[in-house]
Amino acid sequence: MGIAAFISIMAFPLPPAAMENQTEVSEFILLGLTKLQELRCFLFTLFLLLYLTSVLGNGAIMAVVLAEPRLHTPMYFFLGNLSCLDICCSTVTIPKMLAGFLSKHQIISFTGCLIQLHFFHFLGSSEVILLAVMAYDRYVAICNPLRYMLVMNPQVCLLLAAATWTTGFLHSLLHTVMTSRLHFCGHNRVHHFFCDIKPLLSLACSSTRLNLSLLNIVTGIIALTPFIITLLSYLYIISFLFLKVQSWDGRRKAFSTCTSHLTVVALLYVPVLFNYMPHSMGGSSVREMIITLIYTIITPVLNPLIYTLRNQEMKSALRKALGRKLLPGKK
């Protein structure tokens, strides 16, 4: 039987697809940010501190929003969702990157790579959509304040939050399924610090034309549609303030509630558009890693500072919460 099988294989060789399956990779090596050992310790300490700052800052916002009854409003409900997304998005990529600084080779299984890719794009696209929802919330609050609590009632807020997370999940699932169908049959070194779509597509042996089309079209829609909604919301807000609000004090108060959100939108959208909107695959891996670091670690660190430093209600609630912790017997 062994000789017969050998003769049959020699007479009828395996098709290319079967040969690819024989050499298909089962794990990837993440090359990370640098190979220089003297930089690894410094970067490990830096990103560990940034990650802890992000988790503590966003965790504090979530805790205060949940604990303080006067913050149980639509704006702070969505802010709590944003903080949760920031914590989760950083946790998907940063711990694995920190582990890579301590080891010579940062190996991740094919399944682990797909899981990381899925959750990164799930949380990232959900955050983009959530920022548009927050812009609409500001539009209703400023331009239609008398009907604000009727329009943005708890049921609507829960529906918008559920739609945000669901859309992000389905968008990411599409990319994960399409990436899992590709063949990887040789090179397994990923020029990135985590499993992202574009670095993985550059390693595929099979055609990636459909994947690239989906990346450009679907991800473009997911990024641009919330951006257009955000832009239109603020155009309506600005026109309303200058045409209907006569007092400068009223305009200043309205703008102060929007400045934080606009800053967060700019910090997220600018690097995301640079990274995912180009149609070519020939971008610099170093440039892409630096841009990715901005919205995976820098933006989540800055978001709590932006929302607390410019928000009197949040600062007052934080002081109240800290006062209860430090002086529990004092009212």
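Along the chain as shown, the residues are counted starting at 1.
Each Cβ is built from the backbone N, Cα and C atoms, and glycine gets one as well.
What TrEMBL lists as domain 'G-protein coupled receptors family 1 profile' is 57-307. The feature transmembrane segment is assigned by TrEMBL to 43-67, 74-94, 114-136, 156-174, 217-243, 255-277, 289-309.
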- Note on the structure: Among 43-67, 114-136, 156-174, 255-277, 289-309, the most Cβ pairs under 8 Å with the transmembrane segment (217-243) come from 114-136
- Item | Dominant neighbour of the transmembrane segment (43-67) in 114-136, 156-174, 255-277, 289-309, by Cβ pairs under 8 Å | 289-309
- Query: In the same chain, which residue numbers or ranges, 6 or more beyond the ends of the transmembrane segment (114-136), come under 8 angstroms Cβ to Cβ?
  - Reply: 75, 78-79, 81-82, 85-86, 88-89, 92-93, 96, 108, 160-161, 163-165, 167-169, 171-173, 175-176, 179-180, 194-197, 200, 219, 222-223, 225-227, 229-230, 233-234, 261, 264-265, 268-269, 272, 295-296
- Determine which residues of the chain contact the transmembrane segment (156-174) at the Cβ level, with the cut-off under 8 Å and only residues 6 or more beyond its ends counted. 74, 77-78, 81, 117-127, 129-130, 133, 214, 218-219, 222
